[in-house]
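One structure below.
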Amino acid sequence: MSFSVEVLAGIAIELQRGIGHQDRFQRLITTLRQVLACDASALLRYESRQFIPLAIDGLAQDVLGRRFTLEGHPRLEAIARAGDVVRFPADSDLPDPYDGLIPGQESLKVHACVGLPLFAGQNLIGALTLDAMTPEQFEVFSDEELRLVAALAAGALSNALLIEQLESQNILPGSSGVFEPIKETHMIGLSPAMTQLKKEIEIVAGSDLNVLIGGETGTGKELVAKAIHQGSPRAVNPLVYLNCAALPESVAESELFGHVKGAFTGAISNRSGKFEMADNGTLFLDEIGELSLALQAKLLRVLQYGDIQRVGDDRSLRVDVRVLAATNRDLREEVLAGRFRADLFHRLSVFPLFVPPLRERGDDVVLLAGYFCEQCRLRLGLSRVVLSTGARRHLLNYGWPGNVRELEHAIHRAVVLARATRAGDEVILEAQHFALSEDVLPAPPAESFLALPTCRNLRESTENFQREMIRQALAQNNHNWAASARALETDVANLHRLAKRLGLKD
């Protein structure tokens, strides 16, 4: 069998039929799999010495979330270096990146593999990979025929990336206009909620507006901030991060605005604050809702007038900083409760974004699981880490109250458990490797901590009672001090001070 003119014309037509790049890519690889009668096909994008799957057919869904580094995958490195069609023999010693990732064939290894590097001019922009369980599957197709397929795919991918680059304003007035791949931000997800979020990020990134990023703990608000910064004209300048929840009130002002020598005990030299560090760049204020009202007023002044004062200094400094703020609180409710300034809220929320919880992202769970599996594989030096069908189903059926962060920890824990029970450097994750159901959480103690303390005096009893309340709040909030302070209805700085006095922290 070989390609006829009709077959090639059919592939070209399929590339024009799709609505949007993703649909065209999917049509391309689905058609190729049918024409070549192979078990799996994939279109990959090349970026920063790694291949990123754009569309797959015949492979496990979590492949779309994986990032295949050249260092970790010698076959893909060979494809990247070759510059032409690469055929791997069935007895090749090089491991196939898709071993264990063909549904129903998790325990079997791929036999036949062909790689087609894709170029835009002299630049490598991606690859097509074709895999089959039958060793001689691709022998009937000549290299010339496969080069024609690669040329069609390269044209489609090159056009798509160039359009994406223009839409994201990565080619700005005065730039050379030379094609450059867009940087990966690890915002993995194809669900409608994530697709909408990515569109909103593209819209606001090129502006200089302040952005308020809302969402539950663990959803990836910091990644959103990085994506906004990378897509902005300020990307060549620093993105400075500050977690407001981890700031004791006594040093918060100094952290934000800096201080001069002698401003307070311990100020032995002048020190720049985060605003100065972020000058001409971006400042990301995580957990903005934890700032005291006094600091909120000073932050508002910076946003209004663009000048700061170091602690202990009468002079003002001009700064040009874009502020991105994140919170897991409902700041509208905080404003109504008097805990957050209404004027600051309106200054920050010029363009609000909401990061959806993982439970609302559908099959994105599997894509993210694939990404974390690949990270674990590289970190632990394993040849492969794959999810069984049962494990994928198990992950999809769980509610993920801790969102993406909980999924990451669950995958890492499962890999360690599976590795301990299986010899060799190959890990297949099964449902039993994940302890996700609520019934596996430790049961609360039979005796309530509200029981009457058996101490000799009122002060000792009160302190023991306070210690137990703080311990319980920390345990119930994953040792997050800000969340624990909210649960106890106290200020986080006061909670830190009380914990120190009670001997609960250094």
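Positions of Cβ are set from backbone N, Cα and C atoms, glycine also.
As annotated by Swiss-Prot, 4-aspartylphosphate applies to Asp57, with the evidence given as sequence analysis. If you take the C-beta of Asp57 (4-aspartylphosphate) and look for same-chain residues 6 or more apart in sequence within under 8 angstroms, you find Gln26, Ile29, Thr30, Leu32, Arg33, Ala40, Ser41, Ala42.
Summarising the annotation, Swiss-Prot assigns domain 'Sigma-54 factor interaction' to 187-416.
What Swiss-Prot records for 215-222, 278-287 is ATP binding site, and it gives sequence analysis as the kind of evidence. Following the DSSP three-state reduction, the secondary structure of Lys221 (ATP binding site) is helix.
Using a Cβ-Cβ cut-off under 8 Å and counting only residues 6 or more beyond its ends in the same chain, the DNA-binding region (481-500) has close neighbours at 217, 245-246, 248-250, 287, 290, 292, 466, 469-470, 473-474, 506. Residues or ranges marked as DNA-binding region by Swiss-Prot on the basis of sequence analysis: 481-500.
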(message) Tell me the coarse DSSP state (helix, strand, coil) of Asp279 (ATP binding site).
(response) coil
(request) Drop a 10 Å sphere on every Cβ of the binding-site residues Gly215, Lys221, Leu285 and tell me which sphere holds the fewest other Cβ atoms. (result) Gly215
(message) Quick check: in three-state DSSP terms, what is Leu285 (ATP binding site)?
(response) strand
(message) I'd like to know which of the binding-site residues Gly218, Asp279, Thr282 has the most other Cβ atoms within 10 Å of its Cβ.
(response) Thr282
